[in-house]
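For C236, C245, C248, C250, the entry in TrEMBL reads [2Fe-2S] cluster binding site. Marked as [4Fe-4S] cluster binding site by TrEMBL: C273, C276, C284, C287. Annotation source TrEMBL lists domain 'Anamorsin N-terminal' at 9-172. Summarising the annotation, TrEMBL assigns domain 'Anamorsin C-terminal' to 235-265, 269-302. Annotation comment: TrEMBL describes 273-287 as region 'Fe-S binding site B'. For 273-276, the entry in TrEMBL reads motif 'Cx2C motif 1'. Taken from TrEMBL, the feature motif 'Cx2C motif 2' covers 284-287.
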Amino acid sequence: MADFGISAGQFVAVVWDKSSPMEALKDLVDKLRALTGDEGRVSVENINQLLQSAHKESSFDIILSGIIPGSTTLHSAEILAEMARILRPSGCLFLKEPVETAVAVNNSKVKTASKLCSALTLSGLVEVKELQRKFLSPEEIQSVREHLGYHSDSLLSVQITGKKPDFEVGSSSQLKLSTTKKSSGKPAVDPAAAKLWTLSANDMEDESVDLIDSDELLDPEDMKKPDPASLRAASCGEGKKRKACKNCTCGLAEELEREKSRDQISSQPKSACGNCYLGDAFRCASCPYLGMPAFRPGEKVLLSDSNFNDA
């Protein structure tokens, strides 16, 4: 019992199941009652009835589950959460359970040691660690087959402990916030440090300060106006169809616009008499502009939809 740290006046809970030998359970309870004394208490609970028990929160200092020799108790997530609930802050849980060591085995009934430690952590316990690992006795192997219906040659028995944090679940604490007002003034600046980064007009008039003329940094070649052709990109205007870039800066877009205007003017029919733009009164019978309104020379004639409507 010294391994569990039980002393006089403590409240201890012993959890058992159908695989626990009754004689071993009775011997364990007698030893615990001798340790806790009259001021303490030892409660015996069946694991299947633990969730229906009337224990209040923070009822026990220590909980022993599956510790009875020959017991092969399995602990579900709900059972572990209930044990964490009825534990007092800083109380300890000691449990023993058969675990699977084969990596390839995927069975939801028997957990591995790492999954069992994770389950204790998820239930709210801290400082979870494995205390002991040993092979199952022949009686325990037979108990696993009879009570759990599980057959495996790679089972081990592990003993794990966990501790409840030193605060109760759902507890709250008032935060002590400082009510003193912070000074709104600017922090003091070291005069020596400020002087290093200060440049006055008097400092600029010092004869020891050499200023560089920006025009002296330019070469004669930099002053020449660049050739527009040299500003074009290597791929600008190449290919079967010349096309300017979206943000053209080399002048290709203006050049293509001028070519387009010249093509529009050259595509218009040429007047033989030179009076086509004056109107039908001055046009000959074979004039291509016959029936069109008067227009300025070189202007492209466009008819709106209203011109085709009957009066």
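If you go along the chain as it appears here, the first residue is 1 and each next one adds 1.
Cβ coordinates are placed from backbone N, Cα and C, and glycine is handled just like the others.
Keep in mind the model is a prediction, meaning the values are calculated, not measured.
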Of all the binding-site residues given, C248, C250, C284, which has the fewest Cβ neighbours within 10 Å once its own Cβ is left out? C284
Binding-site residues (C245, C287), the one with most neighbouring Cβ atoms at 10 Å: C287
Mean pLDDT for the region 'Fe-S binding site B' (273-287), rounded to an integer? 78
When secondary structure is assigned with DSSP, how many helix, strand and coil residues does the motif 'Cx2C motif 1' (273-276) contain? 1 helix, 0 strand, 3 coil
